[in-house]
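Let me begin by presenting the structure, written as structure tokens, before commenting on it.
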Amino acid sequence: MNTVIYPGTFDPITNGHKDLIARASRIFDKVVVAVAASPKKNPLFSLEERVDLVRQVVKPFPNVDVKGFSNLLADFVQQNQANIILRGLRAVSDFEYEFQLADMNRKLAPNVESLFLTPANHLSYISSTLIREIAALGGDVTEFVDPIVSKALQQQFALRK
């Protein structure tokens with residue numbers, strides 16, 4: 001079985017993430033969306049909330065599983081009997097950082113490969129950071145995220161007022 005791990009913070013999951021997951025689900029037998037705890041990033045949503053949102057968004061894809069993790073990605077990949085990490089590249093600026101991560105993961109787990117996909121053109125400018133900023137200021141994010149995520153963002157920011 002050909003299993004790929006797609007890691008990220010997914011705070012929140014965007015239509016760009018969903019596009020990559022949909023494409024990966026057609027390429028690989030199994031896709032594991034690995035939601036990172038990322039406490040240093042001070043996420044808006046808890047790990048449990050992010051895992052739940054991702055699960056709801058990827059429900060249409062039967063070969064996609066969603067798991068939270070807080071250990072090294074290289075270890076998580078091996079624990080899930082995978083040897084491929086999928087990453088999205090939106091712009092050249094993403095490449096340098098992703099290249100460093102790929103090199104480090106290769107050092108930590110020599111049998112693990114990193115595979116990069118570029119997003120669809122109409123999704124290339126979307127980032128979770130921008131989505132959070134727009135939502136925090138009361139902007140409409142429905143074009144960029146699943147309706148479930150849009151509602152969760154509205155609720156989250158309503159609680160903070």
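Note: Cβ is positioned from N, Cα and C throughout, glycine not excepted.
Residues or ranges marked as substrate binding site by Swiss-Prot on the basis of sequence analysis: T9, K41, L73, R87. Taking Cβ-Cβ distances under 8 Å and a sequence separation of 6 or more, the neighbours of K41 (substrate binding site) in its chain are T9, D11.
Its Cβ placed at the centre, I126 (ATP binding site) has 20 other Cβ atoms within 10 Å. Feature annotation from Swiss-Prot assigns ATP binding site to T9, F10, H17, G88, L89, R90, E98, L123, S124, Y125, I126, S127, S128, T129.
For H17 (ATP binding site), other Cβ atoms within 10 Å of its Cβ number 25. Swiss-Prot lists H17 with the feature site 'Transition state stabilizer'.
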Site of maximum Cβ density within 10 Å, from binding-site residues S124, S128: S128
Largest inter-residue Cα distance among T9, K41, L73, R87 [record-listed substrate binders, Å]: 19
Site with most surrounding Cβ atoms, counting all protein chains shown within 10 Å, from the binding-site residues L73, L89: L73
Rounded inter-Cα distance in Å - H17 (ATP binding site), R87 (substrate binding site): 10
Integer Cα-Cα distance in angstrom, L89 (ATP binding site) to L73 (substrate binding site): 18
Cβ-Cβ distance under 8 Å to R87 (substrate binding site), same chain, at least six residues away: Y6, P7, E98, L101, A102, S114, L115, F116, L117
